[in-house]
């Protein structure tokens, strides 16, 4: 049992309490050297145990499951692409209500500015955005299977090389960062900003 596996379980339990990963939805992947630790498919996140975490060997595309019948999250190809292309060490995928609603209300980008919490989001040059900057999160169309999102994800990476998140329309949110701690900070801040934006629209702001 590794600290990384325990980290994934702890985050899954927290995100379940937040109602971001209900009904087996969502997933988390953490990369350490050539091994990606990935939450398994079909397991309720609040019940996930460290020994159930899938260990995926990035070099030879093989994986080991801690229990019979388990397989990696359907998000695995997307996680691996973000690890490889952007150098991320942690990717979090959630199905939060705020994320789904924002993906439906906004067209190609979610944007927000002049909110203090924006300061928690990286700018892409080693610094963070300022509260007066505009946060832009791209939105891509959903697909029948997670792996079918790959072409849109690759195009998003080209169009938004400094992004740390992408919304999938009527589906959810992917967030990534250089460490699990950073990725957790980003996704908590972004979901908070989604909620602020939704309430602002309710108030006609």
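Any Cβ shown, glycine's included, is placed from N, Cα and C.
Taken straight from Swiss-Prot:
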- 116: active site, proton donor/acceptor (ACT_SITE)
- 75: substrate binding site (BINDING)
- 93, 95, 171: Zn(2+) binding site (BINDING)
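Swiss-Prot feature annotations superimposed on the structure.
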| residue | record | DSSP (3 states) |
| --- | --- | --- |
| 75 | substrate binding site | coil |
| 93 | Zn(2+) binding site | strand |
| 116 | active site, proton donor/acceptor | helix |
| 171 | Zn(2+) binding site | coil |
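Cα of residue 75 (substrate binding site) to Cα of residue 171 (Zn(2+) binding site): a distance of 12 Å. Cβ proximity to the Zn(2+) site centre (mean Cβ of 93, 95, 171, cutoff 8 Å) flags the following additional same-chain residues: 25, 26, 94, 99, 100, 168, 172, 173, 174. Working note on the binding-site residues 93, 95, 171: by count of other C-beta atoms within 10 Å of each C-beta, 93 ranks first. Cα to Cα, residue 93 (Zn(2+) binding site) and the residue listed as 'active site, proton donor/acceptor' are separated by 24 Å.
Ranking the recorded positions 75, 116 by how many other Cβ atoms lie within 10 angstroms of each Cβ puts 116 at the bottom.
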